[in-house]
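Sequence annotations record features per position, and here Swiss-Prot assigns [4Fe-4S] cluster binding site to 426, 432, 472, 476 based on sequence analysis. Marked as siroheme binding site by Swiss-Prot: 476.
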């Protein structure tokens, strides 16, 4: 690190007394519905973001009222597994104690509560704690929720991978007692807080980790700082290939920021997993940029110091030498919607949840439907990184019962197209303070329009496009790994990126900047027309746009993304 002035977030963390700040005092202040000064940032380390309802912000200002401050909470659920008992408890809390009455499944393979007012925040944490859930470190400059491929078919392998996701999450978790003290009325103990892995100033920026079972890339490895690719021998997990330095966030107009693929460091046996995880995190802790938060993520550290230098430091700290990577291949990222049978004879029902939003609407009481399933289900639920929900471990005798509940509540709809199943958006308006354009509320009608274009050009149901919309350049909707990625620029305007591929191993490049939705549809119409007429046999849309020179491929992000 060069000696530059540290960002103010570094002061904030240093002075926070291991993430306590004055959050407890702020909770008692009912003059404002929000958190003040440093606490606005510090609550992120406890899994919350302060938000407000942007649909009514101007009206409240007219009435001389502050914005309707509330928090969004993101739960820590390594691997996305939740029991029916836990589900019924979160369903009840969302219904009774949040402004929107919904549960939002997210691209981080967990659930979010939106619209929780200050008087209900402590109740929320205590409710979660009573069912064995917390939200420690799901936001802020820490290792966040650890993702794991939801592979219900290879049940034994999935169980092993899931156990590692949990172990990695626990190993990298903050050790401060602040969460228990503030939210769970834990006993205050003077001194003694230590953070051997994260350090007293925590990480320079957010850090994301996955465990993935090829050939499924449902967790999108290249969106994450640290990835453990499961390598199996005769169905048994023997170790991991380690990929480091992925990430999708960027800043509009700042060409020192860009999405980037992760680099393959090599193979490690299982016994070295936790040491390597800690070594990658501590190297980024010590070498990451603490002066400019826009360049603070692991991907920029790798590009600044060099992949080989970073890798050698990880080897030194972990006391290992990476072996050559073992062969693997990604073939798909989508969830297998519908029923599948695992090798253990259990059945699993993957439900497509558009945008991950579980809410009761006229004719589609989705949230109630999942709760009704939870009342009789003997297995567990698995949230996916594609914002869907798997009813897992269903005995053959219960299949018909569970399918009937799902159909009666609109959770199974045979009319949903493959295109819709392969489309995704982040939350954006009205709750996300960073959103520049609509995403979740925009996507359903946009997909309908794209379906019309595909039909117009005579394309079959299987001929669909990985389509993603994100409301700003931070990339929660993972548009920077889509075949067509829309990035919000202003209300009704988006940058359009082309050239990603179906298995999520290529970053798309900007094709059109700051254009309106009608202009976007014109562009898609022309592009799909060309694809239908000029493609090679079975050629996917993203590969077609690269092969025909419509867009140049991004091979090295730092060099190619803006070229």
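Note: Cβ is positioned from N, Cα and C throughout, glycine not excepted.
Positions of Swiss-Prot features highlighted on the structure.
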residue	record	DSSP (3 states)
426	[4Fe-4S] cluster binding site	coil
432	[4Fe-4S] cluster binding site	coil
472	[4Fe-4S] cluster binding site	coil
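Residue density at residue 472 ([4Fe-4S] cluster binding site): 23 other Cβ atoms are found within 10 A of its Cβ, drawing on all protein chains shown. A C-beta separation below 8 Å, combined with a sequence spacing of at least six in one chain, links residue 432 ([4Fe-4S] cluster binding site) to 51, 426, 471, 472. Each of the binding-site residues 426, 476 was ranked by the number of other C-beta atoms within 10 Å, and first place falls to 426. Same-chain residues with CB within 8 A of the center of the 426, 432, 472, 476 CB atoms, the [4Fe-4S] cluster site residues themselves not counted, are 427, 428, 434, 435, 439, 470, 471, 474, 475, 477, 488.
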